[in-house]
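Annotation source TrEMBL lists domain 'Pyrroline-5-carboxylate reductase catalytic N-terminal' at 66-159. The domain 'Pyrroline-5-carboxylate reductase dimerisation' annotation in TrEMBL covers 222-326. What TrEMBL lists as region 'Disordered' is 1-38.
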Ligand SMILES: NC(=O)C1=CN([C@@H]2O[C@H](COP(=O)(O)OP(=O)(O)OC[C@H]3O[C@@H](n4cnc5c(N)ncnc54)[C@H](O)[C@@H]3O)[C@@H](O)[C@H]2O)C=CC1
Ligand SMILES: O=C(O)[C@@H]1CCC=N1
């Protein structure tokens, strides 16, 4: 992989893509064609980058904002899709990854792509760091000298704390920690962010404005971000497991699989929308489904005997703890003091 990249595009090496970075390709493979990529550009003079305080304070001006993504994985794609359904123009978005495999789908949205993380930073006002948590220190070290007061750096990495991010960026950098989830792809995400020490309220407002088409966007204290990771970042996978099990129950009882899965997904969607739109407590809605002596209470009894409630609570707890553990690991990896 490294050899292919180096021989085809020697200028990428040392300009943002190097052998250290390529060791984790995420969901990408090594066969991508990099010939369509934008080449790394020199970083403009930092003094010339001081132009967008006004933009940061005016959410109506999203269309002028330059947005960058470092990492071209599932989460970056989900956020990018959500952002583009708002006021941001595809020509103002750029994404970087070491190889090309996942970049094609961004290009299909009109987004420009590169192998250079530095190029993304130099051309963006808001930069989403969307690589795996263990790579965040590596990436921040790489881009740090190009981060100016122009930038808002938004990390979406599970567990990685604001103090780790801030420690790896220049003093006074504006950092925000965001935990999104995959349904951003269909503008039904649940996103929680916490502002770093130098991120002002208007920076949060700007992020909110950018992300508002991704779904529900809330701000909270950083201590809630790991919990939100268990509840919602990972929680969507718990719901998928439940949907799968619902369908498999129906298959066991004799329904064709495709129909069972289609009905299971509509059941999850309908239950979710009613829960959200009615504002009712789930226990209230549950009781509205239960006829005394009817089918639902029999099924619920079986679920309770199986410990589904305790297992689900434990799943949120385990995922939260794991996020905290990832945070401790990245703090150790990123420590430069
Ligand atoms: N997938 C999900 O549902 C959610 C993921 N997250 C967080 O989002 C982050 C990304 O996760 P996914 O998108 O699922 O991962 P992914 O594996 O799909 O994508 C990671 C991307 O980073 C790229 N990459 C690897 N090294 C790089 C480097 N040195 N420079 C630039 N790009 C590099 C990979 O090529 C890949 O495109 C993680 O930190 C995760 O904790 C947060 C919430 C939900
Ligand atoms: O599993 C993970 O680590 C990421 C964070 C939340 C969802 N996916």
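Cβ atoms here come from the backbone N, Cα and C positions, even for glycine.
Automatic, uncurated: that is what TrEMBL annotation is.
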Across the domain 'Pyrroline-5-carboxylate reductase catalytic N-terminal' (66-159), DSSP yields 40 helix, 19 strand, 35 coil
In DSSP terms, the domain 'Pyrroline-5-carboxylate reductase dimerisation' (222-326) comprises 89 helix, 0 strand, 16 coil
